[in-house]
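Working notes for the structure below.
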Ligand SMILES: C[S@@+](CC[C@H](N)C(=O)[O-])C[C@H]1O[C@@H](n2cnc3c(N)ncnc32)[C@H](O)[C@@H]1O
């Protein structure tokens, strides 16, 4: 296993991304190069002054302007990295790690990869002894995600695979039945993949779906129940409200990111096990054609990114990944 997970601490090294906080709190991110320089209208800051310093050091430009140099946390990185598809926000990623019980050494399957934000959190949680198999139906997104992961870690971890194609087709060909500990789905129609996920999961394994709307939440819950292969699904959403704490001015922030998505988890029953009769059974839902129409990508507001925009994002992400990659 490469040392990609060890780059997140210790003195600054060539190839590290560094966030510089300058006067008035303005942020700039640079990738350190021996002999490189950060130019502003307030003077020049040599990268050589930063390389070798401890994280969170204050460095001074040629015009005596002070900059706080810090490695971006994963949260900082995912919020500013190039995006093809919408990312999972840190507040939800943290809950996913907890609710899906992602553990060091776990074998995890993820789809779709989108921009790779959740992949980064999952890779960190499973550590070098785990395995992450990610699936993405759009090649451009898979490229952006791989560049983002490479830009953050400095290399592609060798315990991560990205397969281009639909999960429901690729999963059975990629993993042994009953061998996967956790499956995390972030896609428009997770109900299309439930049977394949059930086949891949080990008994007691966790299926977690991240879902944007209540109509999807309802449909995926019914799809999970109808297989009779899982425990009763649990659903939740997470709201995180920041607080302003300064002297006697202690109050909630005026703004917050409120709705992002819902999380639903269910556990794979052992083969042949039948879930004891539920106290409350959801009323049988018959979907009419109009209901199904309401769940189509267009009706749900899934924006179809143009190929031109995605090619541009992929080029930007690749540039950042190349800049962060060193022969270490
Ligand atoms: C919202 S994005 C995922 C974002 C990602 N979790 C992140 O944090 O960056 C949803 C992705 O799922 C992909 N997708 C949708 N259905 C899929 C399927 N059946 N198999 C594989 N990928 C799929 C889409 O192409 C899209 O890139």
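Note: Cβ is positioned from N, Cα and C throughout, glycine not excepted.
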Co-listed S-adenosyl-L-methionine-binding residue [TrEMBL; alongside 115, 116, 117, 118, 136, 166] among 64, 76, 181, 186: 186
Of 233-280, 281-328, the range TrEMBL labels region 'Disordered': 281-328
Winner by Cβ contact number (other Cβ atoms within 10 Å) across the binding-site residues 136, 166, 186: 136
Residues in the compositional bias 'Basic and acidic residues' (313-328) grouped by DSSP into helix, strand and remaining coil: 12 helix, 0 strand, 4 coil
Most Cβ neighbours inside 10 Å, all chains, among the binding-site residues 115, 116, 117, 118: 116
